[in-house]
Amino acid sequence: MYKSYGERAKSHPSKVASRLLNLMESKQTNLCASVDVTKTQELLELLDKLGPYICLVKTHIDIVEDFSYEHTILPLQGLAKKHNFMIFEDRKFADIGNTVKLQYKGGIYRTSKWADITNAHGVTGAGIVEGLKQAAEESTDEPRGLLMLAELSSKGSLATGEYTQKTVEIAKSDKEFVIGFIAQRDMGGREEGFDWLIMTPGVGLDDKGDSLGQQYRTVDEVMQTGTDVIIVGRGLFGKGRDPEVEGKRYRNAGWEAYKRRIA
């Protein structure tokens with residue numbers, strides 16, 4: 001039996017996860033927009049249109065060619081406030097603890113200062129969690145959350161089997177900072193007191209894949225296997241699609257699938 005987002009928010013040990021779950025409940029959306037565009041203006045214009053329909057935006061800030069903190073991040077934060085969504089920088093950290101600490105809080109992006117959520121691979125072990133947590137604590141008073149990459153949506157991904165299980169074990173090292181997984185299904189943990197959020201990429205209502213190995217599953221498919229947040233990218237704005245029309249369509253599909261799951 002699945003609990004509602006609101007019920008889970010009340011008892012969640014993470015302030016970030018609790019805030020996101022409450023936002024999802026009040027805004028009636030479990031849609032995360034993956035906005036992989038290379039210009040600041042396009043990023044901001046898309047998010048102004050998609051903002052009313054999403055709980056979260058997933059960025060790859062290092063592909064923005066005209067990036068600046070003042071002209072990219074500050075307006076992005078303004079849109080997040082205006083439309084009431086949170087920010088997830090899909091950085092996929094994968095180095096030793098000390099290095100990821102420097103990467104997360106420094107450089108030109110200073111990700112820990114503005115992204116509510118980021119993510120990491122488990123390949124280097126549990127030190128990556130501690131390094132990222134230290135960076136967050138040293139650079140901001142705002143709560144931050146980490147997703148571990150347990151599974152990927154691309155064809156031939158190596159994140160399966162024993163690797164996935166060991167990533168789950170790493171996630172258990174910090175109940176407050178690690179809020180869940182990028183995964184294709186429920187990762188369990190409830191019997192040990194964990195309430196992980198599952199965010200699933202590769203969700204599409206129309207296409208089944210692309211020429212570079214991406215594989216899409218439907219909203220209903222992913223919700224029935226334990227997903228909490230559906231991550232949609234090109235389905236919202238690619239191939240000349242209208243982001244407002246598609247945003248509403250995916251938001252409604254995700255919410256209806258969620259209601260069926262908790263009924």
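Heads up, the Cβ atoms here are built off N, Cα and C, so glycines get one too.
Features as listed in Swiss-Prot:
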- Lys92: active site, proton donor (ACT_SITE)
- Asp36, 58-60, 90-99, Tyr216, Arg234: substrate binding site (BINDING)
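Features as recorded by Swiss-Prot, highlighted on the structure.
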residue	record	CB count, 10 Å
Asp36	substrate binding site	15
Thr59	substrate binding site	25
Asp90	substrate binding site	22
Lys92	active site, proton donor	14
Ala94	substrate binding site	15
Ile96	substrate binding site	12
Asn98	substrate binding site	12
Tyr216	substrate binding site	20
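Secondary structure at Asn98 (substrate binding site), taken from DSSP and collapsed to helix, strand or coil, is helix. In this structure, Asp36 (substrate binding site) belongs to neither helix nor strand by DSSP; it is coil. When secondary structure is read from DSSP and collapsed to three states, Lys92 (active site, proton donor) falls in the strand class. In this structure, the CA atom of Thr59 (substrate binding site) is 11 Å away from the CA atom of Lys92 (active site, proton donor).
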